[in-house]
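S.K.: Feature annotation from TrEMBL assigns transmembrane segment to 41-61, 81-99, 111-131, 137-155, 176-198, 210-231, 292-311, 323-343, 355-373, 379-403, 415-439.
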């Protein structure tokens, strides 16, 4: 009996020891998991700022359109020509980068993009100062050269960042696209303030534009520092990039090295990660997601066929005078920004592929709406219409970009992100080309 009692006590002690060890292991795993996921909100904030830097240079150029229309002859069509110059550089570069995306160093790609944005905005200031604000053909060509650099930079950054963030948390890519929209809202707000501050001064329009470009240059420089130094060291970013590397992604190796992860032995991946030997080809990914690709193409064909060319040249003259196009641009940008946060509310987010396509096709009703509003409507109706255009543009973009990568592994999500950005840029290029059709019968507006 005594020996039986000892065996029972020993069995209880053994089970208790195993239970305590199990709890300790669970706590240790939870601690490791919490460390891996640290910095979620910091990463979201950085993604937002990097999105801001991805378009602030281009939006700065669009927003000082009133200065360029005052500086150059009307026959130069600055808003339309600069947009048309920008797009071929962006599109050709993006096609090349998307084709080779699996072999590219994403870190180098993004840093090149932000550096080009920084140098381009700086050169806009230099060209203006060197020519003393001359409206001759030489400065115009110089500005066009800077715009071409913006196009190349855009293809590097948008494709690189969207591909990189596609295998991370969906909120990161939402924050990045919110930052893209914030660049428009910020530049519009700054432009209105600088115009009001310098309007009564001699050469006030030019001084306001130069201050505006100086602020944009500073933002681009900060983006270089954030992406190069701070972002890759966040624990949650290291976790997602390590996970992508374990799934076969080669594009993140330089970013992992910058974060202090040098070898495969250093890469920690959760136990439930399934490592697949192969990935879908770019063609297979495109065919599986052709509706999402078409969605983005159609969103931006419609938007860029109206904005900004129609806004600056086809809306006529109203009580707001020279402030009118700036107010329209500001309303578009503000609503575009607000709408990119709507999908964070799950019940308001469209995830149905069919629902997205129907909603996007219905936006083409904007074409007759703008025609008749520009011809017969007053400024209030045009402001409302432009606000709705911005609202639908931002909302639908975020819906498509956050839904599409689901269900794929890291390298595939990176490739799909590049494909979707390429289709987006194709839509922009087609849109700015179609925008010239508004000049037909312009005298009727």
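Quick reminder: no glycine exception, Cβ is built from N, Cα and C everywhere.
Note that this is a predicted model, so its numbers are computed, not measured.
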S.K.: Does the structure show the transmembrane segment (355-373) and the transmembrane segment (292-311) touching, where I'm treating 3 or more Cβ pairs under 8 angstroms (sequence separation 6 or more) as a contact?
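M.R.: Yes, the stretches contact each other.
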S.K.: Would the transmembrane segment (415-439) count as touching the transmembrane segment (292-311), if touching means at least three Cβ pairs under 8 Å and pairs must be 6 or more apart in sequence?
M.R.: yes
S.K.: Given pairs 6 or more apart, does the transmembrane segment (41-61) have at least three Cβ pairs under 8 Å with the transmembrane segment (210-231)?
M.R.: yes
S.K.: Near the transmembrane segment (137-155), which residues from the same chain, at least 6 beyond its ends, have a CB less than 8 A from one of its CBs?
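M.R.: For the transmembrane segment (137-155), the sequence-distant neighbours (Cβ-Cβ under 8 Å, at least 6 residues beyond its ends) are 54-55, 57-58, 61, 68, 72, 76, 81-82, 85-91, 93-94, 97, 112-117, 119-121, 123-124, 127-128, 131, 425.
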S.K.: Verify whether three or more Cβ pairs under 8 angstroms connect the transmembrane segment (379-403) with the transmembrane segment (111-131), leaving out any pair fewer than 6 apart in sequence.
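M.R.: The transmembrane segment (379-403) and the transmembrane segment (111-131): touching, no.
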S.K.: Output the single range from 176-198, 210-231, 292-311, 323-343 maximising the number of Cβ pairs under 8 Å to the transmembrane segment (379-403).
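M.R.: The stretch I would name here is 323-343.
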S.K.: Give me the stretch from 210-231, 292-311, 323-343 with the greatest number of Cβ pairs under 8 Å to the transmembrane segment (176-198).
M.R.: 323-343
